[in-house]
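Asker: I have a structure I would like to understand better, so I am pasting it below and will then ask my questions one at a time.
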Amino acid sequence: MGRARDAILDALENLSGDELKKFKMKLLTVQLREGYGRIPRGALLQMDAIDLTDKLVSYYLESYGLELTMTVLRDMGLQELAEQLQTTKEESGAVAAAASVPAQSTARTGHFVDQHRQALIARVTEVDGVLDALHGSVLTEGQYQAVRAETTSQDKMRKLFSFVPSWNLTCKDSLLQALKEIHPYLVMDLEQS
């Protein structure tokens, strides 16, 4: 479904410099679906159209990224560009997928966190940042301290994964979101594998 990515890029490249800046500002305030986090402001404001397209797709997947781009363009009064994206969405059959991608992919193949457990244990290096993002909302103080007490990144990730069986989908989504913020290229690489 690379068509959605291409359509987002085409739309963003058609914006003037001021319009792209306005798009990014609106993206910071637009209502997001439950389970999706915001692209950090500092990173967002520095992005050009290509980087922003990649970030939209990596954060929100192609179908929801396309839908979100349409919403922001409509809010800006750029109906024609939004309609072009709508046409692409309908042609690619993304209408049904946009509403159910997270649920379908979870039901069919298991959650990203479960699928890529070994790779995450081996490749996540900034574990403390991930822990900080999960502390309080997913991890109790005791769990947080138990993971931090481990000496290597791999041991910390193993300890973190020892708590995963008791987590619900929201907890796993929170871990995925933290990983996307701290290790975006690792997550992108694993999503494509």
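Using N, Cα and C of the backbone, Cβ positions are placed for all residues, glycine too.
The domain 'Pyrin' annotation in Swiss-Prot covers 1-91, and the record cites sequence analysis as its basis. The feature ubiquitin cross-link is assigned by Swiss-Prot to Lys55, Lys172. Under the heading domain 'CARD', Swiss-Prot lists 105-193. The feature phosphoserine is assigned by Swiss-Prot to Ser193.
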Asker: Would you kindly give the Cα-Cα distance separating Lys55 (ubiquitin cross-link) and Lys172 (ubiquitin cross-link), rounded to the nearest Å?
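Answerer: Roughly 20 Å, rounded to the nearest whole number.
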Asker: Enumerate same-chain residues with a sequence separation of six or more from Lys55 (ubiquitin cross-link) and a Cβ-Cβ distance below 8 A; give 'none' if the list is empty.
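Answerer: For Lys55 (ubiquitin cross-link), the qualifying residues are Ile39, Ala43, Leu44, Met47, Pro184.
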Asker: Quick one: give me the count of other CB atoms within 10 A of the CB of Lys172 (ubiquitin cross-link).
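Answerer: Taking every protein chain into account, the count is 18.
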Asker: Restricting to the domain 'CARD' (105-193), what is the model's mean pLDDT?
Answerer: 87
Asker: Relative to the Cβ of the residue listed as 'phosphoserine', which residues of the same chain, six or more apart in sequence, are found under 8 Å away?
Answerer: Ala119
Asker: Which secondary structure state does DSSP assign to Ser193 (phosphoserine), in the simple three-class scheme?
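Answerer: Looking at the DSSP assignment, Ser193 (phosphoserine) belongs to neither helix nor strand, so coil.
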